[in-house]
Amino acid sequence: MLIKLGYSMESWKNGVKTPFFWDTNKVPHILLSGITGGGKTVLAQMIVNQLLSEHKSISICDFKAGGDWDSIISNYAEYKDCDELLETFYNSFLETIEQRTKSEQYLIFDEFSSYALSKDNKEFKELMAKISHISFMGRSFGYKLFFISQQFNSKVLDTAIREQFGIKMYMGSTISTESATMLFPNCEIDKSIHLPKCCGYISMPEKEMDIIQIPFLNEPEKLKQLLIAKGLIY
Ligand SMILES: Nc1ncnc2c1ncn2[C@@H]1O[C@H](COP(=O)(O)OP(=O)(O)OP(=O)(O)O)[C@@H](O)[C@H]1O
């Protein structure tokens, strides 16, 4: 499926509006990071809106239980209940592998880093084994991961797993050196450039890192209502 993520900021300025697409068949996994208030949730909801329009099978985990994702679909869990939903998603993945079939399934996980860091050593290793398994083999079996967090440092996702996430985004202007190194290694970010609201950085396979601009919504709170309405007929 082709999902519109936003537009090249440069092209928008020039009135051409070149879109960035997430081609989920080619790039199964995506990381969305950024500062508080940078627009991660609004962008993630725009993405989920497109998935719901196409009746894709999705599961949503929201570790912070902030009310951004509840009441939309039944495959939803928050805080500690994320364990069970993740387990269900993983078991379905294992079954698909066993049957050597393909099934298009999306796991949207908000505040993944806080969730991972809430685990003790043993649980953390088990969690990483599952995430690693899905991230490496998900492409062949249709399983896609869309992880959202303010930060993805090396403690949370090691380099090998992070590299499986073909699209990496950072919403907001102020990016720490650590985040820049983790998400955009080998790219120079000029931190003296202040990005306007609704903008951020994006890296995609075989493309230079670029600046992305998300459409500004006059009433962003209505987007969740739209998701709830679409979720009802899901
Ligand atoms: N594209 C947009 N159009 C209109 N308003 C936006 C947009 N993006 C962000 N905003 C505004 O900024 C606020 C913060 O955005 P959002 O909740 O998406 O940030 P966030 O990165 O998820 O923050 P946090 O990490 O604190 O959850 C929103 O409530 C909304 O009012």
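Just so you know, glycine gets a Cβ as well, placed from its N, Cα and C.
Unlike curated records, TrEMBL annotations are generated automatically.
DSSP classifies Gly38 (ATP binding site) as coil under the three-state reduction. Among the features that TrEMBL reports, ATP binding site is placed at Gly34, Ile35, Thr36, Gly37, Gly38, Gly39, Lys40, Thr41.
The domain 'FtsK' annotation in TrEMBL covers 17-180.
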## Note on the structure
If you count the other CB atoms within 10 A of the CB of Thr36 (ATP binding site), including all protein chains displayed, you should get 7
### Query
If you draw a 10 Å sphere around the Cβ of Ile35 (ATP binding site), how many other Cβ atoms fall inside it, taking every protein chain shown into account?
18
